[in-house]
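Database features, via TrEMBL:
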type: DOMAIN; residues: A:108-298; note: domain 'ABC transmembrane type-1'
type: TRANSMEM; residues: A:21-40; note: transmembrane segment
type: TRANSMEM; residues: A:112-133; note: transmembrane segment
type: TRANSMEM; residues: A:145-167; note: transmembrane segment
type: TRANSMEM; residues: A:179-199; note: transmembrane segment
type: TRANSMEM; residues: A:220-245; note: transmembrane segment
type: TRANSMEM; residues: A:277-298; note: transmembrane segment
Amino acid sequence: MSSFSITEPSSRQKWAAGTLVILYAVITLLPLFWILATGFKTPADAISYPPKILFEPSLEGYVNLFTTRTRVTPEQLEALPPPETWYEAIVRNRDMVIAGPSRYGERFLNSLIIGFGSTFLSIFLGTLAAYAFSRFRVPLKDDLLFFILSTRMMPPIAVAIPIFLMFRTLGLSDTHLGMILLYTAVNISLAVWLLKGFIDEIPREYEEAALIDGYTRFQAFYKVVLPQAATGIASTAIFCLIFAWNEYAFAVLLTSGTAQTAPPFIPTIIGVGGQDWPAVAAGATLFLVPVMVFTILLRKHLLRGITFGAVRK
Amino acid sequence: MADVVLNNLSKAFGETTAVENLSMTVPDGSFVVLLGPTGAGKTTTLRLISGLEQADAGTVEINGRAVNNDTPAQRNVAMVFQQYSLYPHMTVRENLAFPLRSPILKTPEDEITRKVQDVADVLHIAHKLDNRATALSGGEMQRVSIGRALVREPSIFLMDEPLSSLDAKLRADLRIELKRIHASLGATLLYVTHDQIEAMTMATHVGVLDQGRLVQFGSPREIYENPVSLYVAGRLGMPRINALPADLFPGAPTGAKTIGLRPEHIDQEGGKACKVVRVEHLGDQTRLHLTLEGHDIVTLTDVHTDLGTGDEIAIQPRNPLYFDAGGDRIV
């Protein structure tokens with residue numbers, strides 16, 4: 001047996017590897033657990049020292065996240081009819097009444113529209129461009145690819161002021177369309193370059209076979225290239241979504257009312273009636289969910305190599 | 001099925017000439033094999049006919065109609081590639097049905113089912129129809145890609161070394177299979193290979209390509225017995241033809257530079273004495289490696305020969321081929 005042969009790891013090696021993985025998982029998952037737990041604490045428990053590992057769960061954070069409240073005097077509270085709902089009861093415990101819904105839902109919806117909208121647009125344009133760069137004799141191909149990449153050579157925020165002025169002139173400030181276009185512009189270079197790499201790896205023979213089998217080039221692209229590029233498209237889409245979903249600086253600068261996304265909204269909760277950490281944590285927890293679901297839905301495509309067995313190299 | 005006629009076809013990739021002034025007729029129902037070493041322009045010729053490449057000059061006619069401006073789909077040709085042939089995200093059944101579902105054919109589903117089943121039976125892959133294309137062995141994959149060509153009724157089948165990546169036994173099986181399909185369908189085939197056994201056993205016609213030019217076209221026997229040049233003579237025959245200086249044996253015509261001796265065209269009685277270097281027993285034949293005045297010669301001998309290394313025998317040519325300084329045949 002040579003020193004390069006693959007052997008079954010010994011039980012000690014397995015044990016060591018398992019410990020390392022668990023340790024790593026604990027370190028990376030602890031902040032997430034912290035956020036999740038804080039969302040279910042009362043404001044007092046949230047800031048208690050030493051931190052409470054065991055606590056009585058409360059939905060106060062979530063109630064505060066979705067409502068605006070006004071403080072009332074004990075006399076006024078006495079005069080009110082008994083609370084009709086469980087969340088009304090929670091709020092009255094704090095000598096307050098619900099004044100109306102908060103804007104979190106709206107902001108969350110904006111994040112969904114802008115995040116998924118720009119991801120779709122980036123992938124749509126990126127796939128077509130990547131295919132063209134991969135397969136056709138595009139004039140000035142290398143220069144164009146470099147130009148596309150060059151849009152990422154400085155941090156986008158460095159051009160925030162020009163973009164702010166451009167958006168104001170074009171009437172794109174604080175619109176969904178404006179934010180979708182902006183995030184697409186930032187993501188498109190990533191999408192083109194990543195997807196070109198994936199499409200380059202798909203042998204041309206597949207398309208040529210489809211052309212001869214009686215299909216047009218677009219049909220060959222659609223029926224043969226796209227399914228094979230699914231892995232690349234899925235992982236690129238996740239990258240694009242994560243960027244658009246988490247983006248904060250442009251969102252602060254360019255949105256205020258109608259198109260504001262969740263990231264600039266969540267910190268504003270802190271200022272409303274004291275430091276309401278459970279509400280912030282609740283907002284952050286819910287904010288994690290869409291990207292998590294999206295990634296889980298696409299995870300089978302992330303396992304590379306499923307479709308690459310028919311290629312004999 | 002139809003005649004395919006190539007007229008003065010030329011194609012260059014940048015500085016490299018792939019095909020030059022190629023004219024050839026593939027008659028209806030024939031099995032034409034293109035022979036030549038790597039880079040001779042065999043594959044480019046197939047791609048020009050299929051429409052995957054555009055010719056720089058010349059025309060391709062299928063069934064009497066110039067198809068230069070047609071897309072591959074409009075040309076109605078089927079092609080089997082050397083590799084990368086199956087769509088990996090589909091099952092075997094879907095792979096076979098793919099050409100039938102094309103917008104050009106739009107075959108009804110019941111007919112697709114029937115045709116796919118027929119082809120699968122012919123190629124002995126019926127039990128694998130619902131497997132993923134990736135879950136097949138190399139031989140099965142290549143049978144499926146041949147099947148994908150067979151489900152259609154194209155003007156011509158183009159095959160680009162379809163058997164080259166298979167092991168010897170499978171190659172032999174599929175050779176017989178292809179020959180049988182050719183005979184039973186009356187199909188027209190243009191087949192590229194550098195395997196001379198495939199050429200000799202399957203072809204009705206052989207075309208020999210040299211650096212993009214067609215140097216000889218004829219039946220396998222003609223090519224073997226009457227090669228126009230030393231290059232063509234070297235393409236067929238196993239062991240290869242012995243090329244020796246013409247003055248080694250008496251009787252060379254004027255202008256002859258090289259004498260070409262097929263291994264079976266060497267008499268082992270009388271003539272010049274030479275030494276046995278090695279004896280190879282291959283079972284069905286026995287090869288003698290000889291040396292004559294510093295030149296290596298390979299010939300065949302009795303299967304149960306007593307000759308051994310170091311023995312001396314006398315040899316003389318029978319029906320030799322003579323070639324001039326440029327390699328052209330002198331008749």
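One-based numbering along the chain as shown.
Quick reminder: no glycine exception, Cβ is built from N, Cα and C everywhere.
Panel annotation: around the transmembrane segment (A:112-133), residues 141, 144-145, 148, 176, 179-184, 187-188, 190-196, 198-199, 221, 225-226, 229, 233, 236-237, 240-241, 244-245, 259, 261, 290 of the same chain, lying at least six beyond its termini, place a Cβ under 8 Å from a Cβ of the stretch.
Residues 46, 55, 57-59, 61-62, 277-278, 281-282, 284-285, 288 of the same chain lie 6+ residues outside the transmembrane segment (A:21-40) yet bring a C-beta within less than 8 angstroms of a C-beta in it.
Beyond the ends of the transmembrane segment (A:220-245), by six or more residues, the same chain brings 111, 114-116, 118-119, 122-123, 126-127, 131, 183, 186-187, 190-191, 194-195, 197-199, 202, 206-207, 209-211, 290-291, 294-295, 298, 301-304, 306-307 to within a C-beta distance below 8 angstroms of the stretch.
Sequence-distant contacts of the transmembrane segment (A:277-298), counting only residues of its own chain at least 6 positions beyond either end whose CB sits under 8 Å from a CB of the stretch, comprise 32, 35-43, 46-47, 58, 60-62, 64-65, 104, 108, 111-112, 115, 234-235, 237-238, 241-242, 245, 262-263, 265-267, 269-270.
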